[in-house]
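As C-alpha cells, the structure follows; a few thoughts come after it.
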Amino acid sequence: MRVLRVTFLWALLLLVAFSASVYAAEDEPKTPESTSSANPRDNDPVIQEIRGLRNSGMKLNDAKDFKGAIAKLRGAITLLHDRVFGEGREAITDPSDISQDAALYAQILNDYGTVLIRAKQYDEAIEVLEDSVAMVEKIYGDSHPSLGLSLRSLADAYMAKEEYKMAIKKYKTLRKHVKKGLETTHEAYIEASLRIAEGYKKLGNTKKNLKVLKDAVEAQNGEINGLTTGIAELYMELSTAHVAVGEIDDALRAAEVASAIFRQRDGEDTLSFAFSLNALAGVKMRQKKVDEAIKLLEQAHRIAVQIYGEKDPITQASAKTLREVKEYKLDLQAQKDEL
C-alpha cells in the first residue's frame, strides 16, 4: 500500500503541474474591448472612460494586481450604474444605446466577479455574479452565449468557496444551457460535466461522481473526438472514478483511452501524456501487474526528465516512485523465494 500511495502522490504532483498549464489560458491577457468609433456612442466620453477603466482593470488582473484591478472595475461599474439605473439614464434616448449600456454593465459585472474570485473575495463575487446572470437573462433571454459565461463564473465562485452543492446546481444549469445551444459533444458540455463530477467528488459521493462521468461519455453518442477539449480529461477522471468504487477493469479501459488521446492530441513528450502513463501505471498496480507498471513509470519518468531536468521536484518524485515500485517487485520476489 505504501507503493500505491506514492504512485498516486506523484500522479497528484503531475496533476497540479498539468492543471497549471491547462488553466494558464485563464490568466493570459484578455483582449481589450474595442474602442472603435463606428457609431456616436463610441465617442461618448462616459463610455470611453468606462471602457478605459475596464481595460486598465483587466490588465491589472492579468498582472495579478487584484487590488488595483478591483478599484478600476469598481470605478467603471459606478459610472455605468449611474448611466443604466441612475440620473445619467435620462440623457440616453436611443433605445439601442440603452440596450448596449445594459449589456456592457452585465459584461463588466462578470469581469469584476472573476477578479473577485481570483482575489478570494468569494461572497462579493457571488453577489456580483448573481446580478450578472440576472441581467443577462433579462437582456438576452436564456439562449445567449453571454448567459453561459456568467453562469460559469458564478458556479466557479461557489466551487472556490467550497459550497459544492450550490456549485453543482449552477453547473447543471450551465450544462442544460449548453446542451440546448451547442449539444452534448461540445467542449463546454464536457467541461460542465467534469465540474459537476468534481463537485460530487468533493462531497465524497463516489457513485454520483461516477454516474456523471459515465453519462457524459455516453452523451458523445459512441464517438471519441480526441481533438475536442476535455475528452481526454473526461476519460482520465472516469478511470479514477472507477478505481474509487473498485471497478479496476473498467478503470483500465478508461485510462488506456485517455492515454491514447493525450498522446494523439498533445504528443509523446508532454506532461499530459506522462501524467496519463503514471495514472495507467497506478491501475496496473491495482491489478498486481507490477512489471507493466514499471515500464509505464519508466516512460513517464523519461518524459519528466526531458521536460524538467533531473532536479525538479516533479522529476525527483517520479524517480522515487519508480525506485519504490522496483523495490516492491524485489520484495515480492523475495517472498516467493522464501516459500
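Heads up, the Cβ atoms here are built off N, Cα and C, so glycines get one too.
Per Swiss-Prot, the stretch carrying the note motif 'RxLR-dEER' among 27-50, 51-74, 195-218, 315-338 is 51-74. Within its own chain, the repeat 'TPR 3' (232-265) is flanked in space by residues 190, 193-194, 197-198, 201, 206-207, 209-210, 213-214, 216-217, 224, 226, 272-273, 275-277, 279-280, 282-284, 286-287, which lie at least six positions past its ends and keep a Cβ under 8 Å from the stretch. Long-range contacts of the repeat 'TPR 1' (106-139) within its own chain (CB-CB distance under 8 A, at least 6 residues past either end) are made by residues 50, 54, 57-58, 61, 64, 66-67, 69-70, 73-74, 76-77, 80, 99, 146-147, 149-151, 153-154, 156-158, 160-161.
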